[in-house]
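Asker: Supplied in structure tokens, the structure appears directly below.
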Amino acid sequence: MSEATSEWQISRKQLKELLKELEKWSAPATTLLSLYIPPGRPVGDVMELLRKEMSVADNVKLKKTREAVKAALTAAMDRLKRFDKVPPNGLVIFCGVNPDTEKLECYAFSPPDKVPVFFYRTDKSFHTEFLKDMVEEPEVYGLILVERGKMLVGLLKGSNIEILREATGFIPSKHHRGGQSQRRFDRLIEQAAEAFYKHAGEVASEVLLPYLEQGRLKGVLIGGPAFSKQDFLEAGGLDYRIKQKVLGLYDVADVDEHGFYELVQRGYNEIQGQKYAEALNAMEEFKRHLAKDTGYAVYGKEEVMEALRMGALKSILIPEDHPELEKIKEEAEMYGTKVIPIPEGVPEAEWFKKTFGIAGIKRFK
Amino acid sequence: MSKKEKPHMNLVVIGHVDHGKSTLVGHLLYELGFVDEKTLKMLEEEAKKRGKESFKYAWLLDKLKEERERGVTIDLTFMKFETPKYYFTIIDAPGHRDFIKNMITGASQADAAILVVSARPGEFESGMSAEGQTREHILLAKTMGIDQIIVAVNKMDATEPPWSEKRYNEIVNTLKKFMKSLGFKVDQIPFIPVSAWTGDNIIKRSENMPWYKGPTLVEALDQLQPPSVEKWMKLPLRIPIQDVYTITGVGTVPVGRVETGVLRVGDKVVFMPPGVGGEVRSIEMHHEKIQEARPGDNIGFNVRGVGKGDIKRGDVAGHPDNPPTVADQFTARVFVIWHPSAIAVGYTPVVHAHTASIACRIIELKQKLDPRTGKVVEENPSFLKAGDAAIVTFKPLKPMVIEKFQDIPPLGRFAMRDMGKTVGIGIVTDVKPMKVEIKLKK
Ligand SMILES: Nc1nc2c(ncn2[C@@H]2O[C@H](COP(=O)(O)OP(=O)(O)OP(=O)(O)O)[C@@H](O)[C@H]2O)c(=O)[nH]1
Ligand SMILES: [Mg+2]
């Protein structure tokens, strides 16, 4: 059966496209079936479970829902039957009625990485969360923002920024009270500030260490107002291994999602080549040419392709999900033009897509 | 005369980093007798011990270890003093670029400002450079509704030569030109040459600068116009929260300035966006219990059932029958002051309004306007750049209170910042409210 097994294997790229499609599906009732089988699990056990679920489904009150669930279950069992053993990376099955075509469809495949969980559910949407990690680029940058009393830690992953954890601490204000106890009070404020910075370092380590241990953490950027960064580093809460990965400290006034964008922009020189940072940077450059009306910006597919074929383009900006991305990439390569995919997570991505479709930045006028 | 009979004024002290704001405030309070000799002596010794003697006056305000070690103000300091005419709350603001959100909070609570500019060679120039905070603070003060400004041309003892009239004139001319372009009535603004270090022209007329005929700093303070309380009293109650204290024996005490309306002990109030509230148990101003607080009053108040974790800076208190508006979206007339590239749909600057700072995404560029006439020059422009005026719709990324400027002016104006700079300013023309459930504690 080894041939048949490899047939079910899909690549990262295929998985990425499939996930995009599956995430669009939704059902009015809990009729979309998601099944994850990790490697090594006997097929018979899983069959047994599905059979049980089939009889549970008999109790569903609404006829339409009941039939939809049973149809999905039958289809899933039918797929599972074709295996006498779960493939080396495990098996994933999604079954349900496609809301566009109203036909029952089923996807069974073995993903590029090992299935991490055993999971079964019927829901209003598919559970794709366990596959997300597999399509993302493995390398990440840690992002830390810190000020007196507040800390955020997140990741710069392939094409987006993710906030993972927040820590807050109560540090009393300086003009809290005066009088005789002022000095004692000042000391308490100071201790609270130091304790917070230390705690913040511990939280950041806890979040980032797993990535470091997996060998995925390429570097860490730290931002915050003025000297908060130094105080944070000196407080000693940050694990020394994470500390060794610090690429730079940057002045950032706000500890919030906006601060993360600033941090990535300010730290651009240390993380060149990172997809998201490159897209942010290219977008800024494109907007700058637009605003200053320099004549270096071209947009619209025809204009861009014409300029490309004249060898006039330094780079092309194109939405990440553009159907012709690969084709244009191949052609651009011949002219030494860099293609920069713009992921949805770039703030102006939607505007760019709607207003320009694709755009180019010229080497000369 | 009892202090309650004098009108109350909130003064914010602004200007570029290190230009001498804290020193000026410290020295002023000392000369007026609101700081005793013993405290100053103690600070002097401590400052000397750490080789920071020149900061002895500033340390009256800069109490945090971080502030003292670095010689930089981080957060606002509130102090009280009186002059013959007024009862003042003075707010010492930080000049450092990274703490501008604190400065904006201070400015949003003030009726008037003292702008401190250093006359020392090079220092005035860096404050007025493209990156300089002299420039930025003047603009932000204006944006937050401050029309009355006193300019203190500081460090006159450190000009070349000292007490130079020529340097003073040079600075005044440059500032007047800039302030006029922002709409300040520059002929009514006093430009006072002072030394915060020696005390010249703070209370005592300077013998070193006989060429100066204008008022001293304290005289100029008494020439300020009182805020028009009556006008704001008629509007619905709004108190933007500046900080939340816990005070033994009292409990949680939110503090802030009453912008509009009247607050009385026994009133039911609600804090938005969180939607929590209860009955007002006590109101305190200048460490005294009062029964009623009016626009301009800087108060602390205690509300039954509202705890420390329920509210924070940027929330706004109001009466439950006319609660502060939480915006799902808001539309504003904005003016783009600075941007390195272009502002497009999706752009997400930090919006600073009253005491709140929240990242807001631009979801629509409705119209581009002629910045001089306000006439529409383009519908749905594809982007904006520096110098453009436009009607823009924002969506706050987190719940935020903001009001139509026409209804409640102090809560209807804002500044937008990004990458450590002020990108633009705005006036709210419309708000699409978000439904927030109000939960009053019994
Ligand atoms: N020679 C001289 N030095 C002054 C004068 N005023 C202030 N300084 C010095 O300037 C330095 C900065 O003073 P601060 O009062 O901390 O300045 P600041 O504007 O409050 O600074 P930030 O709050 O951090 O923006 C200190 O060393 C002061 O002694 C003055 O009139 N003459
Ligand atoms: Mg200061």
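Indices start at 1 and increase along the chain as displayed.
Including glycine, each Cβ sits where the backbone N, Cα and C put it.
According to TrEMBL, the protein has these features:
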- B:6-229: domain 'Tr-type G' (DOMAIN)
- B:15-22, B:92-96, B:154-157: GTP binding site (BINDING)
- B:SER22: Mg(2+) binding site (BINDING)
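Situate these features within the shown structure.
Answerer: Cβ-based neighbour count (10 Å, all protein chains) for B:SER22 (Mg(2+) binding site) stands at 28. B:SER22 (Mg(2+) binding site) falls within a helical segment according to DSSP.
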Asker: Among the binding-site residues B:GLY15, B:ASP18, B:LYS21, B:ALA93, B:HIS96, B:MET156, say which ones reach under 8 Å of chain A by Cβ distance, listed as they appear in sequence.
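Answerer: Listed binding-site residues passing the 8 Å Cβ cut to A: B:HIS96.
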Asker: Rounded to a whole number, how many Å is the Cα of B:HIS96 (GTP binding site) away from the Cα of B:SER22 (Mg(2+) binding site)?
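Answerer: Computed Cα spacing between B:HIS96 (GTP binding site) and B:SER22 (Mg(2+) binding site) is 13 Å.
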Asker: Please check each of the binding-site residues B:ASP18, B:LYS21, B:SER22, B:ALA93, B:HIS96, B:MET156 and report the ones with a CB atom less than 6 Å from an atom of ligand 2, ordered along the sequence.
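Answerer: Close enough to ligand 2 are B:LYS21, B:SER22.
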Asker: By a simple count, how many Cβ atoms lie within 10 Å of the Cβ of B:MET156 (GTP binding site), its own Cβ left out?
Answerer: 29
Asker: When the number of other CB atoms within 10 A of each residue's CB is tallied over all shown chains, which of the binding-site residues B:LYS21, B:HIS96 has the maximum?
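Answerer: Neighbour-count leader: B:LYS21.
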Asker: For B:ALA93 (GTP binding site), what is the tally of other C-beta atoms lying within 10 angstroms of its C-beta?
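Answerer: There are 29 such Cβ atoms around B:ALA93 (GTP binding site).
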Asker: Give me the count of other Cβ atoms within 10 A of the Cβ belonging to B:ASP18 (GTP binding site).
Answerer: 21
Asker: Around B:GLY15 (GTP binding site), how many other C-beta atoms are within 10 angstroms of its C-beta?
Answerer: 27
Asker: Mean pLDDT, the domain 'Tr-type G' (B:6-229)?
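Answerer: Residues in the domain 'Tr-type G' (B:6-229) carry a mean pLDDT of 95 in this prediction.
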